Amino acid sequence: MAGDSRNAMNQDMEIGVTPRDPKKIPKQARDYIPIATDRTRLLAEGKKPRQRYMEKSGKCNVHHGNVQETYRYLSDLFTTLVDLKWRFNLLVFTMVYTVTWLFFGFIWWLIAYIRGDLDHVGDQEWIPCVENLSGFVSAFLFSIETETTIGYGFRVITEKCPEGIVLLLVQAILGSIVNAFMVGCMFVKISQPKKRAETLMFSNHAVISLRDEKLCLMFRVGDLRNSHIVEASIRAKLIKSRQTKEGEFIPLNQTDINVGFDTGDDRLFLVSPLIISHEINEKSPFWEMSRAQLNQEEFEVVVILEGMVEATGMTCQARSSYMDTEVLWGHRFTPVLTLEKGFYEVDYNTFHDTYETNTPSCCAKELAEMKREGRLLQYLPSPPLPGGCAGAELEAEAEQEGEDEPEGLRGSRETRDSV
């Protein structure tokens, strides 16, 4: 009996039946309801609300919890300090200098205490280690003067104190190291090009429409500054959870979206707003996705724009994302570039605007089959003819051109118009 039940359980696992103990399923997989099918499992949405993987501002919604090996942050202390928020960075900056001043001030006071200088304050015949050092406060002030190299005034070290000379050398060297480390952290944090990404824009929506009789996923990018991004490049990834045929659940699986890295179109000359296009072909993850399936799928497209800041030469990165609800089928972007007298003008008021266009509702795979069979034109709605007097004038001009054409060209034109 035990062997039969074990065989039955193994058979259930092979055909994709849900295990009887839900606690053995990972937490990420329990958020979805598996549906048993023949040799595979499909994922149905659970009751858990949708969550963006990346905000429109570029911030990733990923929190690292239960980190056990926190000592790894100290192994790269410089990067840890640079990544801190400004209030914590300033707090560390102040505390490091204050602690070093207090530490060496205590040592100066300890030397004076051991030598007996504190018992001979005001004695003209006594030669102390540090003149006019009467207590811990004066030792602390002397430590600040030594480390910041602002110059000695009322308090000064004497040559009759070898231990003081050694301490002076040690504090001077360690003070230089602290200055280099802390000032370097502040300089790197100030010069970070994060704010440069604030002037790089992404359209609020992505669109899917026809380009050269092929379905394309498109979004628009722009740069508000007159100083350009050097060596700008764009890439995109599809974030979508999936389940393999063996039943393995892969949360937030990342798939590359080709935006021209095989042809060099991903290298941008970002002087004016550009429309980034992804051709939906056999290698695209949207190859079999129709308009109806777009409304049912759950995915997120993450776009990353990288380049060097022209003024500083530092690498800058801007990010954004598009949920499935932010992808508009059958839309195109409104043009923003106009030609003026002697220059081109960009109207950013219409940067995010789109308009509807004639686009088939079928997937790119079916569209390619129609094109091979010659049935594509009958599925594309023709644009409306102009009405009124303008339409009559156009028809009259067309008839006049038809009479002037040779017989062979006229027949070919009639055949093309009928198609």
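Every residue gets a Cβ built from N, Cα and C, even glycine.
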Match it up for me: which of 29-34, 83-88, 149-154 does Swiss-Prot list as motif 'Selectivity filter'?
149-154
The annotated intramembrane segment range in Swiss-Prot, which must be one of 148-154, 246-252, 309-315:
148-154
Annotated intramembrane segment segment (source Swiss-Prot; candidates 136-147, 268-279):
136-147
Can you give me the average pLDDT across the topological domain 'Extracellular' (155-163), rounded to a whole number?
87
